[in-house]
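Enquirer: Here it is: the structure, laid out below.
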Amino acid sequence: PTGTYCQLTKTLLKGAVSDSTVGSAWLSRGSVHRKQRDGDAICTLNTLQTNASALEQVRRERGHPHLQLQAMRGFLERAGLTVEELDHLNIIHVTGTKGKGSTCAFTEQILRSYGFRTGFYSSPHLVQVRERIRINGKPIGKELFTKYFWQVYGRLDETKDAHGGMMPAYFRFLTILAFHVFLKEKVDVAVVEVGIGGAYDCTNIIRRPWVCGISSLGIDHTQILGDTIEKIAWQKGGIFKPGVPAFTVKQPEHALAVLKDRATLLSCCPLRVCPELEDYQTDCGPLHLGLAGLHQHSNASLALQLSHTWLQSRCLPGGMGWLADTEWPGRNQTLKHGAVTYFLDGAHTLRSMQACVNWFRETAAQHESRASGPVARVLLFNATGERDSAAMLKLLVPCHFDFAVFCPNITEAVTSCNADQQNFNVSVEHMLTRCLDNERSWRLHHSSGPQLLIEDALPLGPEKKADPLVFPCILSALQWITQGRDSVLADGAKTVFTVKPSVMAKAAPLCDAVEIHVLITGSLHLVGGALRHLDLASSK
């Protein structure tokens, strides 16, 4: 970091932060740890986040969403692909507000367990962009990603002059790349997760999926999809296709009515509501899931219906035993590193946050019952976009945290930051301002007056009111929370951030506790940044 951001980082790490400090901060894109090298696929990909022509596409299409699919077909053809070729991918297309990624993970696991070669396209990624494109459940390798990246990018770059210099935006490009990879790697079936919405999402250039699925609906991305559950249901139902079977989990009454209307209008054949997971008959007792949380039951049921429909086309029976083998990092995930246990969940809507709270309170209580002494609870939180952070934080209050820690989705405030996790669409100033807003919301929920980090440590009262702190990056927050008790974070190769003594003094309860339990939530990007430091295998 350079210039004022370096000063701001130094100020935050010392614990002296104010609105005026953040208000004066700025960071040019050129200084965001971008050591772009010739031939670096990830850095080239990142240029599509801020490409002027891509931004112009967004502005032009905002009032004419139907243009999005038209533009996507054009980019697909320029990349040397056709929509007719996609018909041969045997696609299972899934949308929803909450749980669509988990549903896809369950579905892919079931089909792979039958020996089929699977493709799986999802978003966002947690640590590395290659996670978005999987073959047989594993992110494609670096060499394969680089090879296919330049094949697609090269074709688009060669043809851009004939198309007004237009290049696809980040997500569009990755969607085209996923289709290209699946065709080249000759997958038997491709599980494709919608990005946002459905009707005008760029994945919806798919003409003939084998089956479509809709997970739980809720309020999210309202500026794009609408501000009511009915408007959002209309968008989600846009993935239905004539003669293609479709399934949905149980939905709010008005949302389900809209989905049924959409299914009829689009000649879907037909739309069915999934049964409860407990209603499935098995020979080996209750079904066990590889993903924690009661809310995963509906996702698993939807996955069973989707996979069964595809397996029927191969004259194979549906399978249920492999649900327990499903892995989907960053969702109700627990990592234990000695005295520190991390609970990670990318919940970012009110409904998903309530599910996260339920899971955390139950799971953390189980861990605490086995502890040999006092346990400190810490919340590490951030939220992005238009989401109601204050409302989500209010849901977290009953978890009785000793500390609430806030930081932006910046993995590490050093020049070696991972290119896979760079986001040039949001300024650092905006991210840090949002963190301070979250800190103030937390204080209001606890009815305490405004305090600055430069103040002396306040002892925890009998009501266990969590003391909030703001840090400039994920690594600095984790280092303070763990107080050197996590050997993974104490790795000598990592930068060690120093903080002001008054802030260190606040950590006494963390040092005295036998165990530290950390809930990391509010954003999948925050969870991904944390996993980059906590799960070293995810960065390889």
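Each residue, glycine too, has its Cβ placed from N, Cα and C.
The Mg(2+) binding site annotation in TrEMBL covers SER123, GLU193, HIS221. Among the features that TrEMBL reports, ATP binding site is placed at ARG331, ASP345.
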Enquirer: Of the binding-site residues SER123, GLU193, HIS221, which one has its Cα closest to the Cα of ASP345 (ATP binding site)?
Expert: SER123
Enquirer: To which of the binding-site residues HIS221, ARG331 does the lowest count of other Cβ atoms within 10 Å belong?
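Expert: Counting other Cβ atoms within 10 Å of each of the binding-site residues HIS221, ARG331, the minimum falls on HIS221.
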Enquirer: In whole Å, how far is SER123 (Mg(2+) binding site) from ARG331 (ATP binding site) when you measure between their Cα atoms?
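Expert: Approximately 13 Å lies between the Cα of ARG331 (ATP binding site) and that of SER123 (Mg(2+) binding site).
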